[in-house]
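Working notes, beginning with the structure itself.
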Amino acid sequence: MDFDTNEDLNGVRFAWNVFPSSKTDAMQNVVPLGCMYTPLKEIEGLNVVDYNPVVCAGPHCKAILNPYCMIDPRSNSWTCSICKSRNHLPTQYHNLSQENIPIELQQTTVEYLTTKPVQVPPIFLFVVDITTEPDNLQALKESITASLSLLPANALIGLITYGKVVQLHDFSNDTIARCNVFKGDKDYQLEPLVEMLTGQKMTGSIPNTQVTPFSLNRFFLPLEQIEFRFIQVLESLSQDEWSVKPGERPLRATGSALNIASLLLQGCYKNNAARIIVFSSGPDTINPGLIVDLELKNPIRSHHDIDSGNAVHYKKAMKYYNTLADRISENGHTVDLFSGCYDQIGMSEMRKLTDRTGGVLLLTDSFSTAIFKQSYLRLFAKDEDDYMKMSFSAKFQVKSSKELKVQGLIGHASAVKKTSATNISDTTIGIGGTSTWTMGSLLPQHTYAVFFDIASNGPTPVTGDNQQLAYIQFITNYQHSSGTIRTRVTTVANQLQSFGSPLIAASFDQEAAAVLISRIAVHKAETEEGPDVIKWIDRTLIKLCQKYADYNKNDPSSFRLAGNFSLFPQFMYYLRRSQFLSVFNNSPDETAFYRHIFTREDTTNSLIMIQPTLTSFSMESEPEPVLLDSLSVKADTILLLDTFFYILIYHGETIAQWRKAGYQDDPQYADFKELLEEPKLEAAELLVDRFPLPRFIDTEAGGSQARFLLSKLNPSDSYQNMNSAGATIVLTDDISLQNFMLHLQQSVVNTQK
C-alpha cells in the first residue's frame with residue numbers, strides 16, 4: 001500500500017489502513033487503531049472554495065458534505081456518510097452533472113473560506129524578562145524589533161516587562177510613556193485587576209469598546225499606530241535595577257507576569273486570537289510560580305530530585321502553571337515560551353502553558369544565538385501570498401461513522417468536554433472523553449495522534465462484494481492570518497475486515513505505528529516511572545511479533561517478519577534509548593523541550609527524532625545512507641548525522657588529518673576539497689525550513705563533540721564486545737541492536753501463541 005499518497009493528499013497516516021471488524025480483534029492487533037493527522041498540512045493543489053460548507057442536519061452529527069456521500073439528484077437530497085441521515089441539497093447543487101461536480105464531491109480534502117467575520121485582528125503581547133545581562137537583553141530587543149516587520153499592520157500589540165516587579169506599558173498617550181507597576185509576589189485576580197486599571201468595577205464581560213484613556217483594551221493598540229513608540233520603549237529597556245545580593249539569584253516574577261498577561265487578555269479579548277510571547281532568562285524566584293529558591297546554594301531541581309520527592313517547589317509550581325494553562329486555553333489564547341540562558345527556567349513546570357494552547361517552547365543558551373534569532377523569526381514565516389503561516393483560535397473535530405469511536409488525541413491541544421457527540425469511547429488514550437479539541441494556535445507542522453476504537457463488541461461478518469467501510473471526517477475551523485475564518489475538511493474511508501484477514505496485516509504502516517506507539521510512550525512518561533514505560537514498550541513489541549511474525553516454537557532462528565513489520569523492532573530499540581524516555585544527562589527543562597517538539601511533528605520528522613539518519617561521504621563512492629551503527633564510523637569517511645535537534649558532521653581520523661594538513665587548499669587535491677564541502681551543502685539544505693533551527697556541530701575523530709554522534713550509534717562494538725578490528729569502540733553499557741533482536745526472538749518463540 002502507498003501510505004505516502006494518503007499523507008500527501010490528506011495529511012493523514014494510519015497505523016492500520018484496514019480495520020478489524022470487532023473490538024476484540026482490534027485489541028488483539030496490539031498497536032491501536034490510530035492515525036497521524038496534520039490539520040493545516042501544506043497540500044499541493046489544495047482547493048480553497050469561497051463559500052460555506054454544507055452541513056448534515058442529523059442529530060449530533062454536523063458532518064460536512066464529502067465525496068463519500070450518496071447524492072440523489074431526483075429528490076435533490078444527499079445521504080451523510082457519517083450518520084446515514086438524508087439531507088436536502090441546497091439550490092446551488094440542483095444542476096449536478098458529470099461536467100458540473102463541486103470540488104467537495106471530488107476531493108477528500110477541501111478548505112472553505114467562510115463568510116463568518118473576524119471581529120478583532122490578532123493580538124501579540126510581548127512579555128520580557130529584564131533581569132538578564134545587558135548584551136543578552138540587547139540581542140533580544142533587536143529580535144523583537146525585527147519581528148514587528150513580519151506582523152500584520154493592523155495587529156494589536158502590547159508589552160509587559162518584569163523583574164522583581166511587573167510593568168504593564170501603556171502606549172495610548174502620544175506624548176507620555178506610561179507604565180502600570182504590579183507587585184511581583186502577588187497573585188492577582190481578574191476583578192481587582194480590572195478595577196485597578198479602569199477605575200470601575202467589573203460587571204460581566206467587558207465589551208471590545210472603543211479605546212479610551214480608561215478602557216482595558218488601551219494596552220493593545222494597532223502596530224501601525226504605535227510601532228515607533230513601541231520600539232522607543234523597547235530600546236530604552238535596561239537590566240532590572242533591583243540589586244542582586246552576592247550568593248543570590250535575581251528576583252524574577254515570571255509567574256506573576258504570566259498571570260497578569262492572561263488576566264488582561266481575558267478581561268478584554270476573551271475568545272479572540274492572541275499570543276502571549278514570553279522571553280525568560282532564568283527561573284522564577286518569587287511566588288506565585290516559584291521554581292527555585294533565591295539562594296544559589298540551593299540548586300535547581302534535577303530529574304533525580306523530582307523522582308525522589310526532593311524537588312520542594314516542583315508540584316506547587318506545576319499546579320500553579322497548569323491552572324494558568326487551563327485558563328489561557330479556555331480563553332482561546334496561546335503562550336510561546338522562549339528561554340535564553342544556560343540555566344533552567346522552569347520549562348518542566350510550565351510546559352502545559354504551551355502544550356495546551358498550541359504554543360512554541362524553545363530552549364536556547366542565549367538570545368544572541370543563531371538558534372534563537374532564526375527560530376523566533378521563523379515563527380512568523382509567511383506563505384506565497386505574504387500571509388503568516390500561523391493560524392489562530394482553532395477548533396478540531398473528529399466525526400466517525402457508527403463502526404468507530406474516538407479514544408483520544410495526543411498533541412498540543414485542550415479537550416472540549418461539553419459535547420453532544422456520540423462517537424466517544426469509554427477507553428481513553430491521551431486527551432480523551434471528547435471528540436473535539438481547541439488549539440489557541442496552529443502551525444502547518446502541527447500534527448496530532450488520533451486514536452480510535454471499534455464500537456462493536458462482537459464480530460461483524462464482512463463477506464462477498466459488499467465491502468464495509470468505516471468513515472472518518474476531520475474538521476478544523478480556524479482564523480487565517482489574512483483575517484478570514486476557514487474550515488479545512490478531510491474525509492477518509494477505511495475498509496473493515498473480519499478476524500484473520502491477510503488484508504489487515506498487509507495494511508500495516510510500520511512507520512506511522514512506531515510514531516503512534518512513541519507518542520503513547522511519551523505521554524505515559526509524563527506520569528509513570530521510566531522503567532515501567534520501557535517495559536510497556538517491550539510487552540507491546542513482543543505481543544505484536546507473537547501475532548504477526550512467522551516462527552517455530554522454541555526455535556529463534558526460524559523467526560521472520562514481513563517487510564512491512566521488519567523495521568518496527570528497531571524503531572522500538574531506538575525509542576527506548578532516546579532522550580524522550582532516557583533522561584540521564586538531561587535536565588528536566590531539556591526533557592520538556594524534546595518531548596514538546598516530538599509531540600507536534602509529523603511521521604517523517606518524528607522518525608528522524610527516534611532513529612536519526614546517517615549519511616556517509618567518501619572519495620570512492622557517492623553519498624549513501626548507512627546504518628546508525630558504530631561499524632559505520634570509518635577513518636576515511638565523513639558522516640552526516642541528522643537527529644532533528646542537531647545536525648553533525650563527523651570527520652574520520654584520516655580525513656581529519658588531511659584537513660589539518662591543509663590538503664584542501666592545494667589545487668592538486670580539488671576532489672578532497674569537494675568532499676569536505678558535500679556534507680556542508682547537504683546540512684545547509686536540512687537547515688533551510690526546519691523549526692526550530694537545529695544546532696550545527698562540526699567535529700572529528702577524537703574531538704570532544706564526537707560524543708554527540710557516538711551516543712546515538714548502535715554499539716555493535718563496545719568495550720564489552722571488541723570484535724571488529726579498526727571499528728570505533730563505543731563506551732556504553734547499552735545493549736546492542738543485535739542482542740536486543742536476539743532477546744526479542746527468544747521471548748517470542750518461547751511463549752505460547
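Glycine residues also receive a Cβ, built from the backbone N, Cα and C atoms like all the rest.
Database features (Swiss-Prot):
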- Cys56, Cys61, Cys80, Cys83: Zn(2+) binding site (BINDING)
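Long-range C-beta contacts of Cys56 (Zn(2+) binding site), restricted to its own chain and to partners at least six residues apart, with a cutoff below 8 Å, comprise Lys62, Ala63, Ile64, Leu65, Cys80, Ile82, Cys83, Ser85, Asn87. Counting every protein chain shown, the number of other Cβ atoms lying within 10 Å of the Cβ of Cys83 (Zn(2+) binding site) is 22. Between the listed binding-site residues, namely Cys61, Cys80, the fewest other CB atoms within 10 angstroms of a CB are found at Cys61. DSSP assigns Cys83 (Zn(2+) binding site) to coil in the three-state reduction, placing it in neither a helix nor a strand.
Reduced to three states, the DSSP call for Cys56 (Zn(2+) binding site) is coil. What surrounds the Zn(2+) site, by Cβ distance within 8 Å of the Cβ centroid and not counting Cys56, Cys61, Cys80, Cys83, is the set Ala57, Gly58, Lys62, Ala63, Ile82, Lys84, Ser85, Asn87, Lys399 from the same chain.
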